[in-house]
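Record features, source TrEMBL:
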type     : residues  : note
TRANSMEM : B:28-44   : transmembrane segment
TRANSMEM : B:50-69   : transmembrane segment
TRANSMEM : B:76-94   : transmembrane segment
TRANSMEM : B:100-120 : transmembrane segment
TRANSMEM : B:127-147 : transmembrane segment
TRANSMEM : B:180-200 : transmembrane segment
TRANSMEM : B:232-255 : transmembrane segment
TRANSMEM : B:261-290 : transmembrane segment
TRANSMEM : B:302-319 : transmembrane segment
Amino acid sequence: MALLEVEDIVIRFGGVTAVAGVSFAVEDRQICGLIGPNGAGKTTTFNCISGIYRPNSGRIRFAGQDITGEPRHRMTGYGIGRTFQNLALFRSMTVRENVLAGAHASGRSGFIASALALPQVRREAAEAQARASELLALLDLNRVADAPVAALPFGWQKRVEMARALISRPKLLLLDEPAGGLNHGEVDDLAALLGEIRRNFNLAILLVEHHMSLVMRVSDKVVALDFGKKIADGTPEQVRSDPEVIRAYLGGGDDHARAA
Amino acid sequence: MSASKGLHPEAAIGPIAVPAATPAWRRGLYLLVGIAVALAPLVLLESFHLFQLTMAVIMALAVLGLNIVCGYNGQISLGHGAFFAVGAYATAILMSHFDWSFWATLPVSAVVCGVIGYGIGFPALRLAGHYLALTTFSLAVAVPQILKHKSIEDWTGGVQGLFLVKPDPPAGLPLSPDQWMYVVTLIVAGACFLLAWNLIRSRIGRALIATRDNPTAAEAMGMDIASLKTRAFAVSAMITGIAGSLSAVAIEFVAPDSFSIFVSITLFVGMVVGGVASILGSLFGGLFVLFVPNIAEAISKAAPGVIYGVILILFLFLLPDGFAGLLRRIGQRLRIRP
């Protein structure tokens, strides 16, 4: 049984069908790249998995459980963590506080226990602090741990998001364009980091990405979408040489001529 | 300095002051000094000024309540005077009609205000920003009129209001009722400030701030926004309601016209001047809203409102982050130059 199973999902916005029956699976510890030209339905599919959209039809199963249309705040609890395309950090907080906020789902204490600072609350807080320190070290953020997050350069903020997603110990990490806005050196770092994360955290990664060379380099499996449909699915080599994919990216097919 | 892989420009980030943890003996010392400063007015101030200080602490507590929902959670409320009024009336009714002791009325007042706050929290989920401000504003406008209404006149005393008496100092303590009232206020407000401090520094406090900063990301971290926001409203109303209870016994009188919309605006001013999203700032906010109008009146009997306005604008110019921001800046200075 695959970790994540996407089964024939359809998403319509008014009259427009953004995703028209896409199915694929992500196995345990697999890095899966979701690619496609602009408007192919990648981000819509991604948002469906993270609970932002509910599919009009189709199912999404995670570790055998049906999670279709579950509320967004439950996803972390199931073991799905995510980062955002255009950075969604808590801007008034420090780097460390941002990472700690990611540990929210692993805490239990509510308003009353927290106000009374019960022993259980202190225990939870100490555990979260310890894990936050580990992640800050792993992502090379130690030196800026207590700096306001808004003061960091873009590439560093992306690493903070990564640490914030990892602290909840996800089984699947959803990355929305992790290479967007990074320079060459930073993209190389990211590729190394993704490998390191998978080794250390024993998790699967689904990434939506435009940066083709990054996707081909890090992915075990690539799913290509075009016009809301899956056009290819396989190893990076298979997908790269797939005639449909080449046509979608380089043009020359009749579809795009008609659509334009 | 260059522990990182050499690809990140170190120069992009300036020197960062890392606050060292305060050692336990120092924290103990601060606590003792704090208690001494808080109790000093008992011997230093005569009755009227002590009463004013008591009211300032009460206002600070009310501002703290507003700060939880508004400052930390980002839900604008221009109607917290309503909770202040409900708390005051809950205590007044129980004390004057049922002869309850003041202490016994506190939990009732807290629960009543908490429930009403929780109820207001639900429509607040659908109304953001300006709309929420107006909705809460209308609540504050409605409350004095509801309190005057004939159908509940037997309980509220209508326009006349209700009289009550300060709690007696315990036998054996050489304190006047005014002095004891100050101590009672310190105990209740101190406990509330401590609980609020714990709450804000916990995972819940972090979630409240996260929800304010970026709701989309907060949800992705597993935070249930609806539950957090409604509960924040309840806690906030509870604290402001307790402040209302204290004010009822401190003044020994409640009447609908003491709880006009002006109370809500005053609390809002206190929050902004003290420092939005600051526990300690709420304390300064309380002192400001109580004493600055008096100072204004001492300067000009004819137009105290104008002087108040000028002082307020000056404060906002000179201390854009409130007193709390000033304290933070001083703290950073001290840390950088040891």
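Glycine residues also receive a Cβ, built from the backbone N, Cα and C atoms like all the rest.
Note that TrEMBL annotation is computational and uncurated.
A contact links the transmembrane segment (B:28-44) to the transmembrane segment (B:180-200), because at least 3 Cβ pairs that are 6 or more residues apart lie under 8 A. Outside the transmembrane segment (B:100-120), and at least 6 residues removed from its termini, the chain residues within Cβ reach (under 8 Å) are 83, 86-87, 90-91, 94, 136, 139, 167, 184, 188, 230-231, 233-238, 240-242, 244-245, 249. Counted over residue pairs 6 or more apart, the CB atoms of the transmembrane segment (B:232-255) and the transmembrane segment (B:50-69) come under 8 Å in at least three pairs, which marks the two as touching.
The stretches the transmembrane segment (B:50-69) and the transmembrane segment (B:261-290) meet in space: the count of Cβ pairs below 8 angstroms, excluding pairs fewer than 6 apart in sequence, reaches at least three. Contact between the transmembrane segment (B:127-147) and the transmembrane segment (B:180-200) is not supported: fewer than 3 Cβ pairs lie under 8 Å, counting only residues 6 or more apart in sequence. Sequence-distant contacts of the transmembrane segment (B:76-94), counting only residues of its own chain at least 6 positions beyond either end whose CB sits under 8 Å from a CB of the stretch, comprise 62, 65-66, 69-70, 100, 102, 104-106, 108-110, 112-113, 116-117, 129-130, 132-140, 142-144, 147, 155-156, 161-162, 164, 236-237, 240-245, 247-249, 254, 256, 258-268.
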